[in-house]
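**Q** The structure's right below; bear with me while I get my questions together.
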Amino acid sequence: MTEYPETGLLADAESGSLLILHARPYGEGEGQNVLIEDGVIVDMDAAEDTPADRTIDAKGQVLLPGLVDMHVHLREPGREDTETIATGSAAAAKGGFTAVFTMANTRPTVDQPIIAEGIWAKGQRINLCDVHPVGSITKGLEGKELTEFGMMARSDARVRMFSDDGKCVDNPLVMRRALEYARGLDVLLAQHCEEPRLTEGAVAHEGEIAARLGLRGWPRAAEESIVARDALLARDYGSRTHICHASTEGTVELVIWAKEHDIPLTAEVTPHHLLLTDKRLETYDGVNRVNPPLREDRDVQALRQALLDGIIDCVATDHAPHGSEEKCCEFDLARPGMLGLETSLAIIADTFVRTGQADWRWLAKVMSEKPAEITRLPGHGRPVAVGEPANLCLVNPDDPWTSYGHESESKSVNNPYEGMDFHARVSTTILRGRVTYQDGKVSAPRREL
Ligand SMILES: [Zn+2]
């Protein structure tokens, strides 16, 4: 059995050998026959009749590294009625993901090693996806007292990212201390950029549509002022800082400025901010409430260009399940958040690859390699090559399908893409040589829960 030295993770004893026939790595060249043994790619040019425990015919399909999502909410512990580590892992596997980072705003908050270890261990028992807990920056997400980054980083969960996501660390002195603390440990701080004094009672993007509908506006400056402040703090205190869910044209300009000044700042963008605008508000449907809110077309265009140019580093879904009673209500009362794990590959592929603006190698970069690099995650986001861990997904680039919330593996149905048609579709996901998802079916969890 193979042990991955950096991760301490074992390939599945039962994963055995897997032969993938006629797959095109990164959608390039002719089909290749890829042989996987004990969770590792051992041959990229295997004979078609090589004996294997399992064979997949992937003719016409694109072979990519398994996707990595550095921003999801799996709601466990505390809101298992809306999502669990098991259902969230299943949704991740169906979406092509082999690793996700689940945010700390659970109940209780992930602010101690024992809570982080519980999440990590449960994810490993289920074994459909590596579930990395994010630790909170402050105790109870209260924005006051820092958590023990060191203890969480050294725990069995090996916490490598900290965030109060859902809330902004708005006190600049607390953020400064967090950055100084994080620097010594080389962990990543991820900021939910929202100056709360500018967004009190705000439910929608501050613009002409919200004004017409009588909805309280969330101005761009509430995000951008924190992005600017944290870029300056990162410059002076030198710790790696990450901007969650960038949503405005101005944020893009600030990230350009930070990178020009060699500030260690990275940024992510969600599929919904790359696809949807505040025109959705006209439906008054609570499913369209999200934080930061859906913006205007000029923001969408700026975010798309920034992702293509590498200014914004990666895509992250901010998969945020909510129960029907939290969404099917007045817009003002709806909880912010959208599902995203099962639709993200299709959105990015259809928006950028199908239109010829980018290729599959770029998609692998923004959905797998970069998030693994930013989080310093070993074993994921690696090249599709001999000797590498078999964390992979297969994509059919032209397999038209329609997104329906009730068909989701998630426990919730707050799907903003209900009834939308897509072309690209994940057919198979492989975690350390074990098939976790294939053709509509998620594999059974490895062990009883
Ligand atoms: Zn957030």
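For all residues, glycine too, the Cβ spot is worked out from N, Cα and C.
Just so you know, TrEMBL annotations are computer predictions that nobody has curated.
Per TrEMBL, the feature domain 'Dihydroorotase catalytic' maps to 60-248. Positions annotated as Zn(2+) 1 binding site by TrEMBL: HIS71, HIS73, ASP165, ASP318. According to TrEMBL, the substrate binding site annotation covers HIS73, LEU74, ARG75, ASN105, ASN291, HIS322, PRO336, GLY337. Annotation comment: TrEMBL describes ASP165, HIS192, HIS245 as Zn(2+) 2 binding site. As annotated by TrEMBL, active site applies to ASP318.
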**Q** Of the binding-site residues ASP165, HIS192, HIS245, ASP318, which one sits closest to LEU74 (substrate binding site) when you measure Cα to Cα?
**A** ASP318
**Q** Out of the binding-site residues listed (ARG75, ASN105, HIS192, HIS245, PRO336, GLY337), which are within 10 Å of ASP318 (Zn(2+) 1 binding site), Cα to Cα?
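**A** Neighbours among binding-site residues, in sequence order: HIS245, GLY337.
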**Q** If I restrict to non-local contacts, at least six residues apart, and a C-beta distance under 8 angstroms, what lies near HIS73 (Zn(2+) 1 binding site) in its own chain?
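**A** Correct list: GLU83, THR102, MET103, ASN105, GLY166, ASP318, HIS319, ALA320, PRO321, GLY337.
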**Q** If you compare CA-to-CA distances from ARG75 (substrate binding site) to each of the binding-site residues ASP165, HIS192, HIS245, which comes out shortest?
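**A** Nearest candidate: ASP165.
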**Q** Give the three-state DSSP assignment (helix, strand or coil) for ARG75 (substrate binding site).
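**A** Once the DSSP labels are grouped into three classes, ARG75 (substrate binding site) ends up as coil.
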**Q** Suppose we screen the binding-site residues LEU74, ARG75, HIS322 by Cβ distance to ligand 1 with a cut-off under 6 Å; which survive, in sequence order?
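**A** Once distances to ligand 1 are taken from each Cβ, none falls under 6 Å.
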**Q** What Cα-Cα separation, expressed in whole Å, is found between HIS71 (Zn(2+) 1 binding site) and HIS245 (Zn(2+) 2 binding site)?
**A** 9
**Q** Within 10 Å of the Cβ of ASP318 (Zn(2+) 1 binding site), how many other Cβ atoms can be counted across all chains shown?
**A** 29
**Q** Since the record lists HIS71, LEU74, HIS192, ASN291, HIS322 as binding-site residues, which of them has the fewest other Cβ atoms within 10 Å of its Cβ?
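**A** Fewest other Cβ atoms within 10 Å, among the binding-site residues HIS71, LEU74, HIS192, ASN291, HIS322, is found for ASN291.
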